[in-house]
Amino acid sequence: MDMAKTKNGKKKSRKESEEEFEEDRRRWHDDLRPDTKKSVWAVLSFSVMGLLTLAWFGKAGAIGSVIFSVLTLLFGKAFFLVPLAFFFVGLSLVLGMRERIFAGTFFGGFLFLVSMLGIVDILIEPRTAGYVGFGIAYFPLQLFDVVASVLIFGTFLIISFLLMFNFSFIPRAKEAIEDMMDGNEEDTAGTTIDEKEKQGMFAHIKTMVGMKNEGEERGAEEENENNFSAEEDKNSMESVTEPSTNDAPLEGKRMVSSRNVPSTYVPPPLSILEGDRGKPSSGDIRANANIIQRTLQNFGIDVDMGEISVGPSITQYTLKPAEGVKLSRITNLASNLGLALAAHPLRIEAPIPGRALVGIEVPNKSIAFVGLKNLLTEFKERKAESVLGFALGRDVTGQPVFVDLARAPHMLVAGSTGSGKSVSIHALILGLLFTKPPEQLRFLMIDPKRVELSYYNGIPHLITPVVVEAKKAIQALKWAVKEMERRYEQLQAAGARDIISYNNDDTNEDMMPYLVIVVDELADLMTSYPREVEASIVRIAQMARAVGIHLVVSTQRPSVEVITGLIKANITTRMALQVASQIDSRTILDMAGAEKLLGKGDMLYLSGDTSKPGRVQGVFVSEQEVKRATAYLKNIKEESDKDFEEDIFTVEQGSGLGRENGEEDDELYEDARILVIESGKASTSFLQRRLRLGYARAARLVDMLEERGVVGPGDGAKPRDVLVRRDEDDGFGRDEKDAVSEDE
């Protein structure tokens, strides 16, 4: 009897049969989704509640009458508390407060029943709650008397609801205390802020696992309207853009703001943005943890499973390997784990920075979109000390990730087409626009694709319309270098170390705004003008941080021809989105990993002060949100900005920023001009031989000579005519000389 026959006639022991039965039971249990298990328990809870209610009214037959008699003997007139406890348990399961079923839900229901029985028996009369209620209340009454006993049972009653509904009042209490403290500070400073508006600023954020109801969200939107403002530097909001004068040269047209005029800038309301959407579904996380542990054990690796974090797009399973296990053995099993979990792509982080654990990141079955509205609200709520802070997204645990561009201080965004680069750029720009007025922040946007950044034309933060032509982009970058040098001279004259100390010094008449240069597609510029673009970017990246100029460079072609060694060495903060190959990932991050990302904003973020990147689900910003925000900003654009728009392209001659004069466009231009005039010959091959240049540079020099009237246009195979004779040459082209003669 202790042995059972198998299909091939062999017998197996009772122990083997029990193990097989247990394995089948576990497999059946693991196949069920968490929502299914919760639904089953919720249905059972409501069914028991209904059965007990019918028994109370004598509608449950003979068995119901017996149940009613027994429960009445046990609980007395407080019998109604039993179905009520099952109702609350079922309700907590239906509301979906937890990702999976938790023992605290049922323990909370039990604690609710016990505490209510004790309160009823104490407040009404002994044995009102039956023998159970009398036994529960007897010892507390003997030890603590009536009032203290009611207080104890009331405490247990509150705890029971906290356990059943997984609710915490600490964040709300903290918000109320902060509101009171902020109100006192505002009264001391002499400013008035409506209390209702303050409550809107500190609206509670819905978590990644439990979303708020729509009514609360609409209320938070109404309260947040017109109320959001970021942390500013000292006296920074008491400023307005100083009108520029037409007769001032480049050195006179400075990006400064007056301290004496209060700012009228009102940032866009958060109601025009969208919050988090969707809910992440990771399947049965307990079953997946068991699969990971069994798979590793099959290869002789013993591990202890740790905590599980459900993020917007992935779920991270942590584990601690046994002593003596090489981490390379675990990382080499990525394909086997992916097969066992039926998940692709699967990424292993070994070890997790700062922890003695290994993280296995498994894609969720459905992802949640991270909204900018929630992150901006939480950014204000945290009151983080940042100069150019913006919301990057949420990490693998669902916690918000904020970045200060002033500390970065420059950023490289790279990834394949459709991975979310442009959306990340929009999120960065909007995050800054919602927190900084134009008196403190200016943008210079370069968009060779012509369609991504065109929405921002006309907003008050732009120093010039979005640059779309490659030639003008070179001029804009060179203007930025000139602006950087001018700012350093201004800091030197003021005796300031950086832009923060300069702006905090009240003796300085003008404030220096921050300048963020956004280049949406670096590859296109590097194809046209590789040396000029690289030289300008490297120069800005090396020196511009102290004067408040910051670069944000994006490219969809992460190759060494675009992201050169010099650019990588000077831009240490990088955002790598999904790429096609491990080679592209190494080009961006100097390590593999980006090829295993999911796309749609899933990124690896590497800051300059860390050696390993962290995984972040980037903010999703829709086209409608961008249009609404820019339309709002265009409506409040200040008139003084009109004088500033063409500043970088209408500088005085000789500045080296325009193509009209441009002797500084190429350092060999003057040598080429003198050589052509003295020899009377002008051709690309001639300049190549005499100046030892490549074809591209020599051809550009010939084009420049033609633009300035030194040589004539090309005529097929015939040599170009030299239009300026040696005795007429005075450093200008023919057109400039004729223009001077006509003026005289």
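Don't overthink the numbers, they just go from 1 along the chain as shown.
Every residue, even glycine, has its Cβ placed from backbone N, Cα and C.
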Stated TrEMBL location of region 'Disordered', expressed as one of 169-204, 709-744: 709-744
Least Cβ-crowded entry, counting other Cβ within 10 Å, from the binding-site residues listed as Gly415, Gly418, Gly420: Gly418
Residues flanking the ATP site, with Cβ no more than 8 Å from the Cβ centroid of Gly415, Ser416, Thr417, Gly418, Ser419, Gly420, Lys421, Ser422 and excluding those residues themselves: Gln556, Leu577, Gln578, Gly599
Neighbour count (Cβ, 10 Å) for Ser416 (ATP binding site): 20
Site of maximum Cβ density within 10 Å, from binding-site residues Thr417, Ser419, Ser422: Ser419
DSSP-derived class (H/G/I helix, E/B strand, else coil) of Ser422 (ATP binding site): helix
